[in-house]
Amino acid sequence: CTTGPCCRQCKLKPAGTTCWKTSRTSHYCTGKSCDCPVYQG
């Protein structure tokens, strides 16, 4: 990957790394994508 909240220095961040946080919930990197997964609840 080159850009995205789950990408660092052209490498994927580890699964479980926080990529987006609000006062109510957090979203975590999957380790398989440079994008932050969107909660579908």
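Keep in mind that glycine also has a Cβ here, set from the backbone N, Cα and C atoms.
The record in Swiss-Prot pairs Cys19 in a disulfide bond with Cys36, which is drawn from Cys34, Cys36. With the fewest other Cβ atoms inside 10 Å of its Cβ, the least crowded of the disulfide-bonded residues Cys6, Cys19 in this structure is Cys19. In this structure, the disulfide-bonded residues under consideration are Cys1, Cys7, Cys29, Cys34, Cys36, and the one with the smallest number of other Cβ atoms within 10 Å of its Cβ is Cys1. Applying DSSP to the domain 'Disintegrin' (1-41) sorts its residues as follows: 0 helix, 11 strand, 30 coil. The disulfide-bonded residues shown are Cys19, Cys29, Cys34, Cys36; of these, the one with its CA atom nearest the CA of Cys10 (disulfide bond) is Cys34.
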